[in-house]
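This report concerns only the one structure given below.
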Amino acid sequence: MDKGALMPSPDETCCVGGGGGSSFSSLRAYGRALAQTPRRLAARACAAASPGEEMSRVRARSGADMARALRWPDLVGLGLGGMVGAGVFVTTGRATRLYAGPAVVVSYAIAGLCALLSAFCYTEFAVDMPVAGGAFSYLRVTFGELAAFLTGANLIMEYVFSNAAVARSFTAYLGTAVGVDAPSKWRIAMPGLPKGFNEVDLVAVGVILLITVCICYSTKESSSVNMVLTAVHVLFIMFVIVMGFWRGDTRNLTRPADPEHNPDGFFPHGAAGVFNGAAMVYLSYIGYDAVSTMAEEVERPSRDIPIGVSGSVVLVTLLYCLMAASMSMLLPYDAIDTEAPFSGAFKGSSGWGWVSNVIGAGASLGILTSLMVAMLGQARYLCVIGRSGVMPAWLARVNPRTATPVNASAFLGVFTAALALFTELDILLNLVCIGTLFVFYMVANAVVYRRYVAAAEDDEEGRRRGAVPTLAFLLAFSLVALCFTLVWKLAPRGGARTGLLVACGAAAAAAVAAFRALVPQARRPELWGVPAMPWVPAASVFLNVFLLGSLDRPSYVRFGFFTAAAALVYVLYSVHASYDADEAAAALDGAKVLDEGCKV
């Protein structure tokens, strides 16, 4: 039998989840659907798709396939472009001045190791299930539809707000490159609008729309453009590193500018300062997750994805450590400008002010590459969310000529451009980070759950036997990590605090060791898997809980608001669209089987 006959055709799938199903055919039908909401929630909220279904029937809802044209050098370039943006130029200065001092080099190394642990979790899923959905697909096959939808919705909002903020910062860094220090000179003031929304940034809008056109045209060409921009950007970074080591003084690594008021030494604030600095600079590594959304467009996922994701994290860690070392040599840590550490170090030197213009040009290129990778990732997230039936199906369509998700790319590009047009940078930056860290936390939990819970759909007893201890371990371990974080943040320094931290760390290690010894793995990856299971994902869980604890209150307010809004959308629309899509797929499969029986 032709296996292609089992795949729904574009005409058959055009209405799946798109509002054309029975729940949305009329107001009366929608009213009946709302009346059945509790039953449909019970049926769909925890419904987990199988990997085979994600890669066949669900992927077929996009119509044309995405072109498998990427190899591991493309993924390394995309990872570098996504991570090494302009933020590192600011984050390094803040972490050095406020927390770690010259030991910010160690902070970057610790953060890089932690990013690599999280990247391993993404890689196992991406190799085993090479689809474009990234974390959304991973959570959907593990914890079910509702958990995937809530985290996916938050992640897309993080991408949109972050991209709008990054696009507006492009105006500022481009101005620095050409000698215009005030970005307001390139923006149009609108007196009638409230503060924070009253400066129109046409440059940011133009950049977003230009990148949107590029990623709609071709993924391979977008990767090539990213490779060129990233290569030039890395050359700028190497220039900054060389200038720092050349003009720097090794005595600045241990001597502050004001020794009477600031401690000296390479670790002026001790281990606490190093780890607090690592929590701050870890956000500079965000971006490698977008590479996992390229899995559906990779030629050989089992080879290219591990090299591309892990290799990009290792290279970025090396660059970050060298940048931190060069900056620490340029100035004593207590004399560093937290807002512009590198350019500020050269502006004060006679005859070297031009270097700050070079840094502005390099940062501008970094913004373009990080923006392109993020917009590639966000479009693929939305495309697969549309495939799953919880959002309109037209978002899932892949253009047969360009082999890209044009509808999702264009929709998010216009939405991001609208935000960047009016909204000030500080307002946007207060809305980012928490969703990404939460998704990292969920993916690390998911990779443990999937390894230790039976994968066979007909083995319900085996699934139940593995699910109970695995969920108990994940919950207990998260609570221990939360206790560690609260003690670290709130307890006064002293022997009691140290004792509590050691006790929490020992309890976490004991929990992992006991779980590893008592609970056998239900499945092992065929091609590539996270090493040292479950220690690596457990460390990633612990880290992400710690980082989530370092965020401010407005971040949690925003997260709660968007999660509540996403839950409302799910209850009023998505669960009904998903229910219709599942019913239509079941009817289609039944029709195919009946048709096959008639031919015999």
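One-based numbering along the chain as shown.
Backbone N, Cα and C define each Cβ position, glycine as well.
As annotated by TrEMBL, transmembrane segment applies to 75-93, 99-123, 225-246, 266-286, 307-331, 351-377, 398-421, 427-449, 470-488, 494-515, 527-549, 555-573 (among others). Per TrEMBL, domain 'Cationic amino acid transporter C-terminal' is recorded for 528-578.
Note: the stretches the transmembrane segment (527-549) and the transmembrane segment (494-515) are in contact (3+ CB pairs below 8 A, sequence gap of 6 or more).
By the Cβ criterion (distance under 8 Å, sequence gap of 6 or more), the transmembrane segment (307-331) is not counted as touching the transmembrane segment (555-573), fewer than 3 such pairs being found. Within the chain, the transmembrane segment (266-286) has long-range Cβ neighbours (under 8 A, six or more residues past its boundaries) at 83, 85, 87-88, 91-92, 94-96, 98-104, 106-108, 110-112, 114-115, 253-254, 256, 313, 316-317, 320, 333, 433, 436, 488, 493, 543, 546-547, 550. Under DSSP, residues within the domain 'Cationic amino acid transporter C-terminal' (528-578) fall into helix, strand and coil as 40 helix, 0 strand, 11 coil. Beyond the ends of the transmembrane segment (99-123), by six or more residues, the same chain brings 92, 134-135, 138, 252-254, 256, 265-269, 273-282, 284-285, 288-289, 292, 305-306, 309-310, 313-314, 316-317, 320-321, 324-325, 328, 333, 440, 443-444, 446-447, 528, 530-531, 536-537, 539-540, 543-544 to within a C-beta distance below 8 angstroms of the stretch. Sequence-remote contacts of a segment are chain residues at least 6 beyond its ends whose Cβ falls under 8 Å from one of its Cβ atoms, and for the transmembrane segment (351-377) they are 78-86, 88-89, 134, 159, 162-163, 166-167, 169-170, 173-179, 207-208, 211-212, 214-215, 219, 222, 225-226, 229-230, 232-233, 236-237, 239-240, 243, 247, 287, 289-291, 293-294, 340, 342-344, 409, 412-413, 416. Sequence-distant contacts of the transmembrane segment (555-573), counting only residues of its own chain at least 6 positions beyond either end whose CB sits under 8 Å from a CB of the stretch, comprise 34, 37, 41, 146, 149-150, 153-154, 157, 390, 430-431, 433-435, 438. Looking at the domain 'Cationic amino acid transporter C-terminal' (528-578) alone, the prediction's average pLDDT is 87.
Outside the transmembrane segment (225-246) by six or more residues, the chain places 73-74, 77-78, 80-81, 84, 214, 319, 322-323, 325-327, 329-330, 342, 346, 355, 358-359, 361-362, 365-366, 368-369, 372-373 with a CB less than 8 A from a CB of the stretch.
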